[in-house]
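Trainee: Shown below is the structure under consideration.
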Amino acid sequence: MKQDIHPKYNVVTVSCACGNEFESGSVKQALKVEICSNCHPFFTGKQKFVDAGGRVDRFKRKYNL
């Protein structure tokens with residue numbers, strides 16, 4: 001196998017737009033993300049369930065059933 005062909009794997013600080021920072025591993029020097037597990041609705045429990053409704057629901061609304 002060839003020596004020294006792989007990029008250096010660093011421990012980097014990942015910073016989120018919400019202000020949360022944590023360490024991870026990457027070949028980059030620093031990472032910036034827009035959303036993390038600290039502010040994502042799935043992890044915070046502030047999910048909104050959107051039910052678009054199907055064809056049957058539209059039919060019932062159209063004919064007041």
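One-based numbering along the chain as shown.
Cβ from N, Cα, C; glycine included.
Per Swiss-Prot, Zn(2+) binding site is recorded for CYS16, CYS18, CYS36, CYS39, and the stated evidence type is sequence analysis.
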Trainee: Taking the Cβ of CYS18 (Zn(2+) binding site) as reference, which residues of that chain separated by at least 6 in sequence fall under 8 Å from it?
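Mentor: Once residues fewer than 6 apart are set aside, CYS18 (Zn(2+) binding site) is near ILE35, CYS36, ASN38, CYS39.
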Trainee: Counting every protein chain present, what is the number of Cβ atoms, excluding its own, within 10 Å of the Cβ of CYS16 (Zn(2+) binding site)?
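Mentor: Around CYS16 (Zn(2+) binding site), other Cβ atoms within 10 Å: 18.
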Trainee: Excluding CYS16, CYS18, CYS36, CYS39, please set out which residues of the same chain place their CB within 8 Å of the center of the CB atoms of the Zn(2+) site, keeping sequence order.
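Mentor: Neighbours found: ALA17, GLY19, ASN20, VAL33, GLU34, ILE35, SER37, ASN38, HIS40.
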